[in-house]
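Working notes, beginning with the structure itself.
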Amino acid sequence: MSGRDNRGAGGGGGGHQPLSSAMGKLKEKLTRAGDDQGYHRVESNLSTSNTATSLDTILPEDPFLFPQAAPQRHPLPRPQQQQQQQQRQQLRLLEDEPPLSFRPLLEDDDINEPPTQPFQQQQQRTPLRASGSLELTPLPPPPTSQEIREHRDRQQRSVPVPVEDLQRSKQSLKGSRVSFEKNNASSKPPAQAESSDEDSFEDKRIGFQQQKATSVDHKGILKDLKHILANDNRRQFQAKKHVSLDVKGTRFLQDLLKESSSEEEFHKTRREFQGRKHQSLDPRVTFKLDKVLQGSSTDSDEEGDDPEHKRLIHRPKDITKPLIIDLKDLESESDEDFHTSRQHFQQQRSISTDSRKSRRPYEMDEMGNKRGENIRHAVPFVRQITEDGKPKLEVYRPTTNPIYIWTQVLAALSVSLGSLVVGFVSAYTSPALVSMTNRNMTSFEVTPQAASWVGGIMPLAGLAGGIAGGPFIEYLGRRNTILATAIPFIVSSLLIACAVNVAMVLAGRFLAGFCVGIASLSLPVYLGETVQPEVRGTLGLLPTAFGNIGILLCFVAGTYMDWSMLAFLGAALPVPFLILMFLIPETPRWFVSRGREEKARKALSWLRGKEADVEPELKGLMRSQADADRQATQNKMMELLKRNNLKPLSISLGLMFFQQLSGINAVIFYTVSIFKDAGSTIDGNLCTIIVGIVNFMATFIATLLIDRAGRKILLYVSNIAMIITLFVLGGFFYCKSHGQDVSQLGWLPLSCFVIYILGFSLGFGPIPWLMMGEILPSKIRGSAASVATAFNWSCTFVVTKTFQDMIDFMGAHGAFWLFGSICFIGLFFVILYVPETQGKTLEDIERKMMGRVRRMSSVANMKPLAFNM
C-alpha cells in the first residue's frame, strides 16, 4: 500500500480533526478490550508522508508473534507460567508461517462492525517490526447490518469449535479492525458484549427461555409419571377397599339365585357374578356403587336403567382421574351392619397397608353409647399388646445399667436375709415343741394349753406389728424400720434360749412376732421402691425364696437340736442381716416424700450406678409424689368405707381369710405332732424336711406359671388340691380313731401333706399377696394393705391358737374336714368374685373395679412378701 493513498485520505486541515477523533475512540475501545483480554499496551509510532499519529496498539503476550519487541512482563503465578509454556510449545510448530500484520483505521471505516477479512488474507500482510512502522493495506467495503445478522445466525447453527482451535483463537484480538482473525466464530468479544444491541439480547433471552422450557418439560414428565404411579396404587387400594365393603354384591347374587327358574339360568348367573368378582382384581378397575333397590331382577331390566342390576365395575375412560365415592352409597339394611362392616374394613386396612402393623401394638375398649352417659366415663382405655397378642401388665422403659446391677442385687439380698429370719421364726414351734414338752429336756413344765399359746402368740403379735408397721415406714423410713427389727429378733431368740419358765418363752415369741409383722410389710415396700422394673421380677422372688429357705433350715436343724440350741441359732441369723442393712441406702421415694431431693439423688446414684443419668427418674418420683399429695385426705381410714373402695378391699380380705382358714400355718406349726399321732412309719423330722423342700420348690414353680396360666386358674388348682388332700387326711384319721388298722397306710399322710403344700404354694400362698397390690386402689393402697395384713395375722392367730383345741374337741378328722369345707366355699368365692388380673395394667384393673382410672404409683408395682407362715 502506497503512502499517497493515506495522505489523500487525510490531506488538508479539514480532514485531520475527524481522523483524530476516530482514532481517539478506537484507542479508548481497544484499551478496554486489551485490558479485558489480558494484553499489554505498547507505544508505536505510525509514520506517513505528512501525518504523524501516536497510537496505542494492542500486542498479544506471546513473544513468538513479535520477537523483536517483546514487552517487559511481571512475574506470573506458577499455573499461568505452565500454561504459557504449553502455549509456546504449540506455537513453535507454526514457525514456518509468516507473521500477522495489521493496519490503522481510516476515517470512513465503521469501528463498530466486526472484521470480515478471512484469516488467509491477514497472513499475507507484512509483519510488524520492532520500530513500530506499519505497511498499510487497502480495506474491503464494510459489511451491512443484514450481513452481520446472517453471520450471527450461521454462528449459532455452526458446529462447536474443537478445543485446539478455541485455545488458538484466544490469542487473537476481538472486536476491531486492528485484530487477528479467530476460528471460534461462536464466541463474542467482551467489547461487543457490553454493547446495547437489542438483537443480541433478544437472541440470548430466547435461547434461555428455550432451555428453561425444555427443563420444565422434563420435570413435568417426571411429575406426571409419579402422579400416574400414585394414582394406580390408590386405585388398587380402592378396589380392595370396596370389595371388602361391598355387602350388596352378595345380596344381589342371592336375589338372582332365588329368582332363577332353571339350572342353566342358575349356572349362567353364577358365571356372570364370578366374572365380575375376578374382574375386580384388575388394578385399572374402579367401582361404581349403586343403591340396591327392592325389585325383581330379569335380563331385560339389567339391560335397562334399573340401578339394582347395573354393573358395579366399569372401566373409566381417563385412568388418571380418580373416582370419588360417597359412603352414603354403601347402604345396608341397618346401621349396625354398616358400623360392623366399617370396623372390619378399618382393621383389614391397617393390616394390609403396612405389613409391620400386622401385629397390633395396642388395643382399645369400645366407648359407651348409652343415652345420658357422662362423656368423661366414656373415654376408651388403651392397653399395650405384647408379641403373643395378650395385653401387657406393665409398660416400662429399660434404664438398667448392667455394670452396676450388683448394687440392686446387694439391696435385695440384704432385705431377703431378713425374710430368712422371718421364715425361721415362723416355723420355730413345729420342731421346738417336741423337745419343749419333754420334761427330761426342760427345767419347766409346758402344758398343752401353754404349748398352744407358744404357737399362737406369735401371729397375735404379728397383727400388732402389721398395724404399727405402716406409721413406722412412713416416719422412720423403710430402711430404718427394717434395720430396727434386727436387734429385737436377736433379743427374742435369746429370751427363748435362756428361758427358765413359760413366761420368758411367751415374751420372746411375742417380741419375735411383733418384728415379723413389721418386716412382712416393710420388706416388699423397700424392694418395690429400689429395684428397677427390668429386674423386679427376678429380684422380687428373693424374699419369698429366702423365707421358705428359713422354714426348711428350721426343720432340718430341729432334727439335730433341742429347743434351746435352735433358739441360739435363731439369734445368730439376724447378725449378717444387720451388717448388710448398714451398707444399703434409704429408698429414694421416701427421701422425695420428705423433701430431701439431694439425698434422693445420691440414693439413686448408688442404686443405678455413678455413670447413670438419674435425673429423669428423680423427676418422675417428684411428679408422682405431687399427685399423691393432691389426692391425699386427712382421714385415710374413712376412705376405706367409701362404696368404690369396699369391693376391692373385700376381695383382698376374702383371699386372706381363705388363705389362713385353709389350715396352712396349723399344718406347718404342728407337722411333727401330726405325723406322730398318725402313727406313720416314716420319721416325723424327715417328714418335716420333705414338706419344707416341697414348699421351697413349689415357690419357683408358681413363679413360672403365675403369668402364663393366670391367677384364677392357679387358684382353682390350689383349691381343688387342698380340698382333696384335707378330706383324705380327715378320712385317714377317722379310720384310725375308730380302731381300724391303718399301719399299711403309713405313706398316705406324707403323700397328702406333699400334695397339700404343693397345691397351696401354687395358688393360695403367693396370689393373695400379689392381688392385694393389684386390685387395691392407689389412693388407699397403704392403709388398705395394712388392714389386709393385720387381718391375715388375725386369722393366723385364730387358726394356730385353736387348732389344738379343735383336735381335742372334734378330733383330727373333724379339724381337717372343717378346713376342707372352708376351702370348698373358697372355691366358689374365687369363681364368683375374684377378677382375673393376668396381662392387665393396674389402670385397667382399677377402672374395672371402681369405674374410673387414677394414676398408679410405682409403689403399687412392688411384689409382696409371699412366703408361707
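Backbone N, Cα and C define each Cβ position, glycine as well.
Annotation source Swiss-Prot lists compositional bias 'Basic and acidic residues' at 25-43 (among others).
Here Swiss-Prot flags 44-57 (among others) as compositional bias 'Low complexity'.
What Swiss-Prot lists as compositional bias 'Low complexity' is 79-92 (among others).
The feature compositional bias 'Low complexity' is assigned by Swiss-Prot to 118-127 (among others).
Counting residues of the compositional bias 'Basic and acidic residues' (147-156) by DSSP class, helix then strand then coil, yields 10 helix, 0 strand, 0 coil. Marked as compositional bias 'Basic and acidic residues' by Swiss-Prot: 147-156 (among others).
Marked as compositional bias 'Basic and acidic residues' by Swiss-Prot: 258-291 (among others).
The annotation compositional bias 'Polar residues' is assigned in Swiss-Prot to 343-353.
The compositional bias 'Basic and acidic residues' feature in Swiss-Prot is assigned to 354-368 (among others).
Of all the Cβ atoms in the protein chains shown, 5 others lie within 10 Å of the Cβ of ASN440 (N-linked glycosylation site). Swiss-Prot lists ASN440 with the feature N-linked glycosylation site, giving sequence analysis as the kind of evidence.
The phosphoserine annotation in Swiss-Prot covers SER260 (among others).
Residues or ranges marked as phosphoserine by Swiss-Prot: SER261 (among others).
What Swiss-Prot records for SER262 (among others) is phosphoserine.
Residues annotated as phosphoserine in Swiss-Prot: SER332 (among others).
Annotation source Swiss-Prot lists phosphoserine at SER334 (among others), citing similarity to another entry.
If you look up Swiss-Prot, you'll see SER857 (among others) marked as phosphoserine.
Residues annotated as phosphoserine in Swiss-Prot, with similarity to another entry given as evidence: SER858 (among others).
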So are the transmembrane segment (486-506) and the transmembrane segment (713-733) touching or not, going by 3+ C-beta pairs under 8 A with a sequence gap of 6 or more?
no
Would you list the DSSP helix, strand and coil counts for the residues of the topological domain 'Cytoplasmic' (707-712)?
2 helix, 0 strand, 4 coil
Hey, which of 405-425, 510-530, 686-706 has the most Cβ-Cβ pairs under 8 Å against the transmembrane segment (780-800)?
510-530
Stretch with greatest number of CB pairs under 8 Å, the transmembrane segment (537-557) reference, 405-425, 510-530, 686-706 candidates:
405-425
Six or more residues beyond either end and a Cβ under 8 Å away: which residues meet both conditions relative to the topological domain 'Extracellular' (558-564)?
430-436, 441-442, 496-497, 499, 685-686, 688-689
Would you mind pulling the DSSP three-state label for ASN440 (N-linked glycosylation site)?
coil
Model confidence over the topological domain 'Cytoplasmic' (835-869) (mean pLDDT, whole number):
54
Flag the pair the transmembrane segment (565-585) / the transmembrane segment (405-425) as in contact if three or more Cβ pairs fall under 8 Å (sequence separation 6 or more).
yes
